[in-house]
Structure formats: structure tokens, C-alpha cells
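Peer 1: Okay, handing you the structure first.
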């Protein structure tokens, strides 16, 4: 009878109350139980008050209660009905797995994005290369055009130089013609063939055999302008004797030395082309004119320029490998 009453009384008590009563009967404190079970005192207190901590999984809570029951000598079978109420097993929340098709779509989208990125990169590189090639081709065409123009100008200058030489020879012959009548009237012993010879060479031979009196007449009869025309074999008078002084060096002189073949065009302030054409390696130019000078240089790296005794900086044209267009002012300040 007493056993049944005790059993009914134990069933009326909760799991926490039974564990607390058993601990008190053994004379153990909550601190001692916590140390033996390696738990916190707050966890032991929650178990005795039938509280389930929110941050503690039900599986761990059931294990703690069973360990506590073995410590205070309570059979686990008597606590199972209470455990089902106090710490029911809760299904673990498992995150739903993403569909394989979703991952496949994302991978496909990333592939399209990468393809578009590479396509844009290739287009940018292609446009940059096309722009560089067009600029390089335009420079080469410009250099070729300038070289052709300079060749045409040189050919025109050579074709025009022939009439100029003919007129100069004619002027020299006309300048020597008035001396023939004087020679004829001065001496009656001279032969007719000698009086009609027009060439300066025959005149010089006649002057070699004319008597001194006739030579004086020739000298007096020769006009002043004819005296300035000298035959090819005559030696020029010294500058001191002629009263002519050597001119001073031009401060605006432009000196250029070439280390490689280079096309060049130089124009002064009056628009006169001082030079236009191709200069070969190891060549040099010394030009004078009215400043400022305008220069076009096909290969800036192949020429060294000195203006007013100072070198001209062409490094910015050499770095970009472009045709140099610059103006040299009187203050020796090259401008683009």
C-alpha cells in the first residue's frame, strides 16, 4: 500500500522536482552537481525548474538529465515519460537544397557575362590597333608626298638652270664685244680675222701679242661694267686690294647635321624655301635667312639642329615618332 502511494507520488512530481529531491537526500549542492557533470550552475538550476533553455538543443538537454539521474541514483526508465514532456525531440531544420537546374542557370549566366566581357575587350583592342595603323599609314603617306614634292621641285630647278646659264654666257659675250672695234681702230696692222673673233679665248690670245701702245688703248676704251666680268682663268683680287671686307657670321644661321637619311623642308619668314629635299647620312646644311624659320622634318631622330649656336630639342617628336613641324623664332624658342 505504501509502495503504491510512493509510486503515485513520484509520478505526480516532475522530472526536475524528482532530481532536486534526490540531490537533497544525498546532501549535494547545485554547485557540486555542476562540477561533477561539468555543467554550468545555471544549467543545473534550469533542469530542476523544468526549463528548457532556448539556446540548448533537446538532444543535449536529455543527455544532461540522464547524467543527472545516474548521479543521484534514479532509474532512467522512471524519467522517460517526463522527458518526453519536458524535452521533446524536435526535427532538425534542414535548409532545402538548391535545385541543380538553378545552379546550372547561374553558371550559364556567368558564362554569358564572361563571354560579353571578353568580346568588349577584344573590340577595344581591335579599335586601338586600327587607330594606330591608320595614324602610322597617314604619316607614311605624308612623308612620301613631301618627298615626291621635293623631287619635283628639284627637277624644276634643274630644268630652269639651263636658260640662266645661257643668258649669263650671252651677257659675257656681249660685254666683251665692244672691245673689238677699239682694237680695229687702234691698229691698222691687225688682220680682219682677228677683229671678228667673238670668243673670250681669242681675245685673251690677241691681248697677249698686242703691242704696249695698243694695250693702253684697249684699257682706256673698255667700259666700266665689262671690267667686272672676269674670264675663267683669271685670279680674283685679294679682298684688301679690292676694298671688300669679309661679312660677319649671320646670328640667325641654321646648322643641321644628319646621322641618317632624312627628308627636310626649311622656309624663312618671307616664305622662301631655303631647302626642300632629301639629305643623306653624314650630310650637313648651313642655311641663312630671315627668322623665324619653319621646319618640316620627316625623321627627327636623324638630324641634329643648332640655331644661334644652341642645340634645338626634338625629343618630343622622337618619342612619338611623328613628322616634326616646328618654328624657330629669333629668341631660339621652338614652337609647335
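Placement of Cβ uses the backbone N, Cα and C atoms for every residue, glycine included.
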Peer 1: From 70-90, 91-111, 112-132, which range did Swiss-Prot mark with transmembrane segment?
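Peer 2: Going through 70-90, 91-111, 112-132 one by one, Swiss-Prot gives transmembrane segment for 112-132.
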Peer 1: Looking at 10-29, 30-49, which stretch does Swiss-Prot describe as DNA-binding region?
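Peer 2: When 10-29, 30-49 are checked in Swiss-Prot, DNA-binding region belongs to 30-49.
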Peer 1: Can you tell me which parts of the same chain pack against the transmembrane segment (112-132), counting only residues 6+ beyond its ends and a CB-CB cutoff under 8 A?
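Peer 2: Distant contacts of the transmembrane segment (112-132): none.
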Peer 1: So how many of the residues in the DNA-binding region (30-49) end up helix, strand or coil by DSSP?
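Peer 2: Final tally across the stretch: 16 helix, 0 strand, 4 coil.
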